[in-house]
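*Asks:* As annotated by TrEMBL, transmembrane segment applies to 20-39, 51-74, 107-130, 150-168, 175-195, 215-235, 255-280, 300-324, 345-363, 369-393, 414-440, 452-472.
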Amino acid sequence: MCILTYHSSTVEPERRQWGSWNFVAFWIADSFNINTWMISSSMIIGGLSWWQSWICVWIGYFIAACFICLTGRIGATYHIGFPVVSRSSFGIWGSLWPVFNRAGMACIWYGVQAWIGGTCVYLMIRAIWSKFDTLPNSMPASSGTNTRDWVSFFIFWLCSLPAIWFPVHKIRHLFTVKAYVVPTAGIAFFIWAIVKAHGIGPIVHQSNSIHGSALAWAMVKGIMSSIANFATLIVNDPDFARFARKPRDALWSQLFTIPCGFAFTSFVGIIVSSSSTIIYKEPIWSPLDLLSRFLDEGGSGTRAGVFFIAFAFSLAQLGTNIAANSVSAGTDMTALLPRYLNIRRGGYVCAAVGLAMCPWNLLSSSNNFTLYLSSYSVFLSSIAGVLISDYYFVRRGYLQIKDLYSARRKAPYYYTMGVNWRAYTAYICGILINVVGFAGAIGRKVPLGAQYIYNLNFFCGFIIASGTYYLLSRFFPVPATSDHWHEVGDEITELSLAYDDREDRSFDEESLGKKYDDDVRVSSKAVE
């Protein structure tokens, strides 16, 4: 008998403390970050008008919110995280690759986001000590950075470590504080820029510079870039939704807060950048660059204003790094090495990798690096397609949670040597539809048709992967399914992982779901 231990995965009732307003605060806090602030810039630079780019943001993030709710419901209903959810579709051992995939991306993004947070710290220190800008450099040119920037980065990295210590169900308080502080600073920055420019600037008056099919494809790409920005969170939303008191708490709060929060932040970024065109005769899309220009000019109250806004942005980066990267990596690493790691230790491993990877080198060595990270949604969309197809269309909401922790060969999620070949076939098919266009996105010359397909990369990967998995599961049925919609998460009250050695695990036709009826229920002592 083999039982997979994973102590922090299934959430017992005492730790289900996230209500609807906690999810609202979480996403409001997450929406106010530097990446979101600049989300419309590439669209406007690409030829769209401000209102066209803003429509793309609304549509893109609403679609992303729908996907978030789909994956989040699994976690909110059964109170399990992404690593355990993936076992039902990819298999007990087959799930390790998607989990490793997500953990690796989280570590890389942690370093990148921490480097951006270091720029916020640089502005804070410079606002107090102006000579910090001319700090002597003691680092060689081959290092890829300088003493000033590295010190700022390290301070942000160091100050982030205490936040990793707190359990996930308690870290919600950080997002509540961030939900008040960061939007306040964003609105203050918004008003400051308009007053300084004596108007909202010319960007809001300029029309689109492209027309016809070029305009249509530019809007499609804008929508897809918004979805791609959420690809990692779509996959691992169960890591947070599992702390919901009830599934409804993770539904409407996420469905409406995500598009509203991210659209508002993008609008503020558009107006501030438009105002900067009047002030400096050029649009400045990065809020940190604009704050730096404010410091260069000086003036009454400038230092205090810059310090407060930079502090708020650093808090925004901290919250985003914890939510999207640290917790995700910690949860995934716990599934990979449960004997040695828990979520807290995994979070610190993620932070260590983020420091050791020297993110300044990665960002400076290739102009396509951040594009490559965003384009990685091609691979994550296939994972999301398999997960959603498995839960909603193949199993119809029914999971045998106890068996998700069992590596017994007769267990329903063991499949073939612990791997579900149907899921991997669908996963590969979802990647193949986009792989040529992906090569074009990172600089290779590819056919025009492949580029058009890649413009719809997340949808193409998701639809192909989910459709392929559903068809394969119809022709080659998987065990432990239901003939009708049947979620049994609410019936799991007392949790235990242990099997009785005398328990018959033969899995007859009824347990396989072939003759499923209303008398089949999950035991109240199913799982921890």
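Cβ from N, Cα, C; glycine included.
Neighbours and distances for these, please.
*Replies:* Panel annotation: around the transmembrane segment (20-39), residues 57, 116, 172, 174-176, 178-179, 182-183, 186, 225-226, 229, 240, 244, 248-250, 252-254, 257-258, 261-262, 264-266, 268-269, 285-288, 312-313, 316-317, 319-320, 323-324 of the same chain, lying at least six beyond its termini, place a Cβ under 8 Å from a Cβ of the stretch.
With a cut-off of 8 Å between Cβ atoms, the residues of this chain six or more beyond the transmembrane segment (51-74) that come close are 39-40, 43-44, 80, 82, 85, 208, 215, 219, 222-227, 229-230, 233-238, 240-241, 247, 250-251, 254-259, 262-263, 266-267, 270, 384, 387-388, 391-392.
With a cut-off of 8 Å between Cβ atoms, the residues of this chain six or more beyond the transmembrane segment (150-168) that come close are 15, 114-115, 117-122, 125, 135, 139, 143, 174, 239-240, 243, 314, 317-318, 321-322, 326-327, 330, 343-344, 347-348, 351, 354-355, 359-360.
Tertiary proximity for the transmembrane segment (175-195) is limited to same-chain residues at least six positions away from its ends with a CB under 8 Å from its CB atoms, namely 22, 24-26, 28-30, 32, 37, 265, 268, 271-272, 275-276, 279, 287, 290-291, 305, 308-309, 311-313, 315-316, 318-319, 323.
Long-range contacts of the transmembrane segment (452-472) within the same chain, counting only residues at least 6 positions beyond its ends with a Cβ under 8 Å from a Cβ of the stretch, are 89, 217, 220-221, 224, 227-228, 231, 375, 377-379, 381-386, 388-390, 393-394, 422-423, 425-427, 429-431, 433-434, 436-438, 440-441.
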*Asks:* Report, as numbers and ranges, which residues of the same chain sit near the transmembrane segment (300-324): CB under 8 Å and 6 or more residues beyond its ends.
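*Replies:* 26, 29-30, 32-35, 106, 109-110, 113-114, 116-117, 120-121, 123-124, 127-128, 156, 159-160, 163-164, 171, 174-175, 177-178, 181-182, 184-186, 188-189, 192, 232-233, 240, 287-288, 291, 294.
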*Asks:* Please determine whether the transmembrane segment (345-363) and the transmembrane segment (215-235) are in contact (criterion: at least three Cβ-Cβ distances under 8 Å, sequence separation 6 or more).
*Replies:* no
*Asks:* For the transmembrane segment (107-130), give me same-chain residues lying six or more residues beyond its boundaries with a C-beta closer than 8 angstroms to one of its C-beta atoms, as numbers and ranges.
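*Replies:* For the transmembrane segment (107-130), the far contacts come to 34, 148-149, 152-157, 160, 232, 288, 291-292, 295, 303-304, 306-307, 310-311, 313-314, 317-318, 320-321, 324-326, 329, 349-351, 353-355, 357-360, 362-363, 370, 373.
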